[in-house]
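Q: Shown below is the structure under consideration.
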Amino acid sequence: MSEPLLPPIGMLAELTHRCPLQCPYCSNPTELLKANRELDTQSWLDLFDQAADLGVLQVHLSGGEPTLRRDLEQMVAGLSARGVYTNLITAGVGIAEGRIRALAEAGLDHVQLSIQGARAATTERIGHYRGGHEKKLETARRVRVAGLPLTINAPIHRHNIEEVPEFIELALSLGAERLEIANVQYSGWALVNRDALMPDRASVERQIEVVAQAQERLRGIMNIDFVTPDYFATYPKPCMGGWARDAFMVAPDGTVLPCHAAHTIRTLTFERFGERSLADIWTNSPAFNAFRGTDWMQEPCRSCERREIDWGGCRCQAMAIAGDPAATDPACIKSPIHARMGMLVADAMAAAKAETAGNATAEPFVYRRITTVSEPAS
Amino acid sequence: MSTPRTRAIVSQDARPTLPHHIRIQFDPVRQAWAVLSPERVFWPNDVSLDILRLCDGRSTVAAITDRLAAEYDADAKDVAADVHDFLQEWTDKLLVKL
Ligand code: SF4
Ligand code: SF4
């Protein structure tokens with residue numbers, strides 16, 4: 001390693017894979033873990049303590065649906081006692097009355113609520129959950145009443161990209177400080193459903209325009225973060241801020257990973273918390289060290305002036321599309337197979353055409369559920 | 001707590017404060033002061049830190065400027081411009097309330 005190893009700042013804790021919703025773009029792995037594989041309360045508390053010792057300042061409590069863990073208040077209280085900033089990432093359905101207030105009292109700092117559509121029918125269709133939209137709006141209200149700041153997360157794909165202007169109005173009306181217009185990242189279930197989710201270029205360009213104008217208009221009123229669509233990009237995103245550079249995630253069974261899709265790189269082995277300490281995994285795990293810094297890079301990344309800006313992009317996307325986790329992210333214009341991104345978009349557009357021509361009653365995508373769908377090989 | 005639905009503009013008699021969900025905290029691991037916010041951690045320099053610490057909801061921007069000019073033995077005009085720009089930027093990011 002050329003640079004010194006820094007302590008991690010952020011941790012994403014996927015407390016459970018259980019979720020009442022079935023979003024076809026879910027970033028969870030296609031092989032979902034059942035409840036009996038989840039870490040128990042004490043293990044999570046120990047893990048959070050070790051994370052704080054190691055230098056973690058922010059923990060994102062996610063899932064699945066994290067509020068399905070009845071011990072969530074205990075975890076928030078534990079983190080809060082250590083001064084760690086806690087962010088609850090929730091789908092906002094099935095949360096008992098009084099729970100948000102209890103979490104706020106336990107020390108919760110912020111809530112990020114995902115909404116699948118700006119229109120009720122879209123939310124219900126994408127999440128495959130009747131009445132979901134109203135419940136989410138109610139959760140948003142409870143968050144505000146509890147005095148917590150609110151981010152609305154809007155995952156964007158072909159079936160709701162035209163609703164972006166309405167998402168902006170909705171987030172404003174809910175009193176959100178922040179709105180994430182997050183174009184779906186094609187890993188996990190989204191990769192299975194890529195052909196059914198990919199938007200067309202014209203819609204993407206319209207969306208970029210709408211978001212830029214709203215950012216300008218709403219300066220100082222609501223922050224809008226834009227997660228760009230990789231398949232239409234010129235340069236890749238600095239995935240996770242660089243592999244194992246300042247953040248990591250933990251799966252429900254305690255497996256510690258540099259990002260939520262890292263398990264798709266089958267040549268790597270990931271350690272579980274409990275068998276080894278968090279500090280040991282962060283420092284010594286061969287999987288964490290595999291793509292740290294810039295030493296592992298091949299050309300064109302190796303000599304590129306952007307190598308410490310985007311860190312070569314996403315390793316899992318390189319794996320999924322180039323078949324080599326050490327390749328340049330194909331989202332990059334300098335990648336020798338960058339053109340493949342355009343071909344994959346074209347494939348999806350052909351699928352979209354067939355979809356409108358065919359049976360209109362069947363959904364074009366596979367809903368997320370505990371079953372045996374495997375991620376497509378490249 | 002309701003979010004302002006118009007942009008807040010820094011003036012000399014505004015009394016800036018940190019919203020409840022923004023925390024200034026000493027990080028013992030890195031031996032540095034951090035500002036924790038919903039999605040990001042900031043590492044402000046000494047001057048920024050001093051401005052943020054004076055955002056107590058009682059002191060006006062003018063008073064904050066005077067205090068800093070005295071402490072840093074600097075020209076009040078230069079300090080005023082810096083304080084104004086810093087506070088407007090942080091207000092626009094919703095990290096400071098007016
Ligand atoms: S993306 Fe949808 S299915 Fe996946 S965890 Fe979030 S709400 Fe549940
Ligand atoms: S070549 Fe590599 S480092 Fe350079 S911009 Fe592309 S992905 Fe980033």
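Glycine is no exception: its Cβ is also placed from the backbone N, Cα and C atoms.
For reference, TrEMBL lists these features for the protein:
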- A:CYS19, A:CYS23, A:CYS26: [4Fe-4S] cluster binding site (BINDING)
- A:5-222: domain 'Radical SAM core' (DOMAIN)
Q: For the binding-site residues A:CYS19, A:CYS23, A:CYS26, which ones lie near chain B, with a CB less than 8 A from one of its CB atoms?
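A: Cβ contacts with chain B under 8 Å: none.
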Q: Around the Cβ of A:CYS26 ([4Fe-4S] cluster binding site), how many other Cβ atoms lie within 10 Å? Please give the count over every shown protein chain.
A: 25
Q: Give the sequence-ordered set of same-chain residues, not counting A:CYS19, A:CYS23, A:CYS26, with Cβ within 8 Å of the centre of the Cβ atoms defining the [4Fe-4S] cluster site.
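A: Surrounding the site, in chain order, are A:LEU21, A:GLN22, A:TYR25, A:ASN28, A:GLY64, A:ALA91, A:GLY127, A:TRP189, A:ARG368.
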Q: Taking only same-chain residues 6+ apart in sequence, whose CB is under 8 Å from that of A:CYS19 ([4Fe-4S] cluster binding site), what do you get?
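A: Once residues fewer than 6 apart are set aside, A:CYS19 ([4Fe-4S] cluster binding site) is near A:CYS26, A:GLY63, A:GLY64, A:GLU65, A:LEU68, A:ALA91, A:ARG368.
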